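See below for the structure under consideration.
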Amino acid sequence: MNTIAEALEQLRAGRPVLVADSQSRENEVDAVLSAELATPATVGWMVRHTSGYLCAPMTGERADHLGLPLMVPRSQDTLHTAYTLSVDAASGVTTGISGHDRSRTANVLADPAATPADLVRPGHMLPLRAVAGGVRERGGHTEASVELCALAGLAPVGVISELVHDDGSMMRMADAEPFAAEQGLVLVTIEALIAELDARGAAPFSSPRAVGEWNPDRVTRVAQAHLPTRHGDFTVVAYRDLRTGAEHLALSAGAVAEALDGPARGTSQQRAPQQTAQGASQQPVQGALQQTVPQQGAPLVRVHSECVTGDVFGSRKCDCGAQLDRALELIAAQGGVLVYLGGHEGRGIGLAEKIAAYALQEGGADTVEANVARGWDPDLREYGAAAAVLRDLGVRQVRLLTNNPDKVQALAGQGIGVDQVVPLVVGVTAQNIDYLRTKVAKMGHLMDVESMLGVVDAGDGPVLGRHAGQGPVSERHAGGSPVSERRAS
């Protein structure tokens with residue numbers, strides 16, 4: 001295995017490097033080139049030794065500058081690869097498919113002087129949008145190639161494709177090492193790249209931003225309104241995810257809502273955002289609210305994945321609906337934000353696939369086994385959009401309502417400080433007790449399910465038992481027993 005420094009030297013020389021991701025992810029090795037330095041010879045080499053499906057990863061800002069929208073507004077790709085419209089260079093090419101033509105297109109994509117008019121759509125090169133947080137948000141080859149090019153001092157645009165054997169099968173790490181030696185190439189891992197970035201204290205894509213400041217352009221604010229609910233009054237802000245096309249909501253109460261609305265909480269007419277002549281809401285500049293949200297006492301925050309069966313229909317197979325209700329009740333009383341993430345149905349597999357997984361669970365599979373049997377990873381969710389929403393609302397420190405340590409790590413890794421973790425153990429039923437046990441045993445969730453065995457509901461009575469939170473909301477923890485918050489490490 002080689003060092004990141006060796007990989008950067010090779011990229012500067014215009015040579016391909018090999019980059020392996022995690023065995024728990026794609027378990028693939030990609031050839032990576034600098035798009036700026038791509039030549040017909042190096043692109044021809046990639047076509048011979050890879051799938052030939054050449055992609056050009058770049059930052060979201062670069063894609064926007066070149067007028068490259070997402071190929072589809074809501075990706076069904078399991079790893080949420082952010083394909084844009086395919087392109088060819090507008091000049092200097094013939095059909096667009098040859099090594100010469102694709103290297104020319106790669107050069108144009110990396111040229112800082114290029115404009116949308118320098119490209120034609122569709123074409124034979126597939127640009128990809130890297131997530132704003134880089135490999136520390138999404139450990140994929142898309143982000144890794146952009147990070148490597150940036151670290152090498154080159155334009156942050158790469159060319160990537162997956163190594164394959166002569167029979168067409170994917171080349172894994174065990175075979176990539178002798179292949180690298182045979183070809184005289186450098187081989188590195190994304191894990192090593194992350195360690196290098198951490199050691200340098202580098203922001204994503206070696207941005208001049210201070211460490212811990214992340215690109216806010218993962219989401220854009222679309223609309224804002226007043227939302228009275230049975231739990232209390234909230235200010236709701238709708239966001240569009242620029243990477244996935246999903247729609248997200250933020251329901252806020254207390255200081256965060258006042259920063260959005262102004263201190264005087266009026267009628268819904270008073271609270272409605274002003275409209276432009278085109279009908280679009282005029283919203284504050286992203287991040288401006290951080291000056292107005294009180295910093296003492298971190299707000300209570302829940303990051304909630306959409307679940308139609310639980311949130312809408314009251315399914316007893318999961319605890320999602322009960323968690324949503326309890327979180328809104330607590331936030332209405334104490335102040336804070338609930339971030340409702342679209343695109344997370346069934347831990348990212350979608351509604352129809354979740355129902356198919358339910359059918360497998362009825363045959364004896366647990367929730368993880370069912371997803372895997374359907375061809376999915378156990379959990380496809382990522383929380384970059386939640387961090388972006390919180391940043392836009394001016395929230396930098398939170399008390400997080402969750403049992404899921406992945407959410408803690410994801411927010412902390414993207415500049416959102418987690419002061420406390422507040423457990424949310426509610427909605428335990430006879431129908432979901434095994435599901436909850438699986439979340440503890442296989443997904444690392446932090447809750448004492450066995451203590452609930454004596455209070456689960458058999459199916460017809462109240463769901464929550466002694467964890468219903470019968471006392472005043474502000475004096476009880478998220479599961480209903482006296483406040484007992486864990487410090488986040």
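Residue numbering: from 1, along the chain as shown.
Using N, Cα and C of the backbone, Cβ positions are placed for all residues, glycine too.
Annotation comment: TrEMBL describes 221-423 as domain 'GTP cyclohydrolase II'.
Marked as region 'Disordered' by TrEMBL: 263-293 (among others).
Feature annotation from TrEMBL assigns compositional bias 'Polar residues' to 266-293.
Feature annotation from TrEMBL assigns GTP binding site to R302, V303, H304, S305, E306, Q323, E345, G346, R347, T367, T402, K407. Cβ environment of H304 (GTP binding site): C320, Q323, L324, A327, L338, V339, Y340, L341 lie under 8 Å away, each six or more residues apart in the same chain.
Annotated Zn(2+) binding site per TrEMBL: C307, C318, C320, in sequence order. DSSP assigns C320 (Zn(2+) binding site) to a helical segment in the three-state reduction.
The active site, proton acceptor annotation in TrEMBL covers D379. Counting every protein chain shown, the Cβ of D379 (active site, proton acceptor) has 20 other Cβ atoms within 10 Å.
Feature annotation from TrEMBL assigns active site, nucleophile to R381. The Cβ of R381 (active site, nucleophile) lies under 8 Å from the Cβ of S305, L341, H344, R347, G348, D406, each of these being in the same chain and 6 or more residues away along the sequence.
The region 'Disordered' annotation in TrEMBL covers 464-489 (among others).
Per TrEMBL, the feature compositional bias 'Basic and acidic residues' maps to 474-489.
The number of other Cβ atoms within 10 Å of the Cβ belonging to R302 (GTP binding site), over all protein chains shown, comes to 27. Taking a C-beta cut-off of under 8 angstroms and a sequence separation of 6 or more, C318 (Zn(2+) binding site) has the following same-chain neighbours: C307, T309, G310, G427, N432, Y435. Non-local contacts of T402 (GTP binding site) by the CB criterion (under 8 A, 6+ apart in sequence, same chain) comprise R302, V303, V408, V421, V422, L424. Residues R302, V303, H304, S305, E306, Q323, E345, G346, R347, T367, T402, K407, recorded as binding GTP, reach a greatest CA to CA spacing of 23 Å.
Apart from the site residues C307, C318, C320, the chain places the Cβ of S305, T309, G310, D311, S315, K317, D319, G321, Q323, L324 no farther than 8 Å from the centroid of the site's Cβ atoms, the recorded Zn(2+) location. Each residue contributes its Cα atom, and for D379 (active site, proton acceptor) and E306 (GTP binding site) those atoms are 14 Å apart. Under a cutoff of 8 A between CB atoms, and with a sequence separation of 6+ in the same chain, the neighbours of E306 (GTP binding site) are Y340, L341, G342, G343, H344, E345.
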